[in-house]
Amino acid sequence: MYLPRMDPLVVATFAVVALLEIAIPLALGYWIVRRFGVPWRVFGLGALFFIAVQVVHTPLVLVTQGPLYRSLLPLGTTTTLAVIALYLGLLAGLFEEIGRYLVYRYYFRRRDIPLTRETGLQFGAGWGGVESIIVALLVLSSMLSYILLTGDGGIIPLPDDPAVMAQVEALRGLTPLDILPGLFERMMTITLHIAWSLMVLAAVVYDRKALLALAVLWHAAVDAAAVFLAQTQGILVTEAVIFVFAVAGLGYILMQWRRMGEQAAS
């Protein structure tokens, strides 16, 4: 069966979103280098350690999520989804925030990388930036699938399978408005990663473990809300809630930036 119904505007939106998800974090890193003199090395370390954390975190999720879901199903779909969302959120918070803490406390100090607010800003930009770049690659993969399955120039035969046809119909129904929210989510997520990076940095600099715990819980809350709401309330409600978290993150960045600047000057 052939279904050539490609919308060029959808393809263009895929391409623009992917480009911006790569360009914006790199532009942010460049601005931090130019404005504060923090080297690209710190941005790269943020990216590197994000990937290092995911090397352990992602396989653990893949191995445990299925069995946990099946064991919870007797409790009902909504309860199961809520528990899974909390589990995934807590795993993300623990792995990423403790990972940040260990990098600051041991790696940075041993290599005499200054634990300043500027370093935290660049480290967070790299941490959230590489996640955005990885998502951009997935967006490009989705764009390729869309072209292959719906484009006149890339028509491929499809099996007469209801599951496959449902996926193709979903692709055919895509509009630019279905793709654009992902870009805004990436920008909000980068903001949150910078906020958490500054919070964990403060936990190390001022020896306040409570800030590390708060970063873990905040991260867990964001991820859990995103997982649960995306399945129950839809994309617009999910993005609205993430926006509220991101605004809180921006507020924390401004507050912590001023506080660390004042304490460094005193």
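Glycine is no exception: its Cβ is also placed from the backbone N, Cα and C atoms.
Among the features that TrEMBL reports, transmembrane segment is placed at 12-33, 40-62, 82-103, 124-149, 187-206, 211-229, 235-255.
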Mind checking which residues of the chain, 6+ beyond the ends of the transmembrane segment (187-206), have their Cβ under 8 Å from one of its Cβ atoms?
24-25, 28, 46, 96-97, 100-101, 104-105, 115, 117, 119-121, 123-125, 127-129, 131-132, 212, 214-215, 218-219, 222, 239, 242-243, 245-246, 248-250, 252-253, 256-257, 260
Closest-packing stretch to the transmembrane segment (124-149), where packing means Cβ pairs under 8 Å, from 12-33, 82-103, 211-229, 235-255
12-33
Are there residues at least 6 beyond the ends of the transmembrane segment (235-255) whose Cβ is under 8 Å from a Cβ of it, and what are they?
178, 181, 184-185, 187-189, 191-192, 194-196, 198-199, 218, 221-222, 225-226, 229
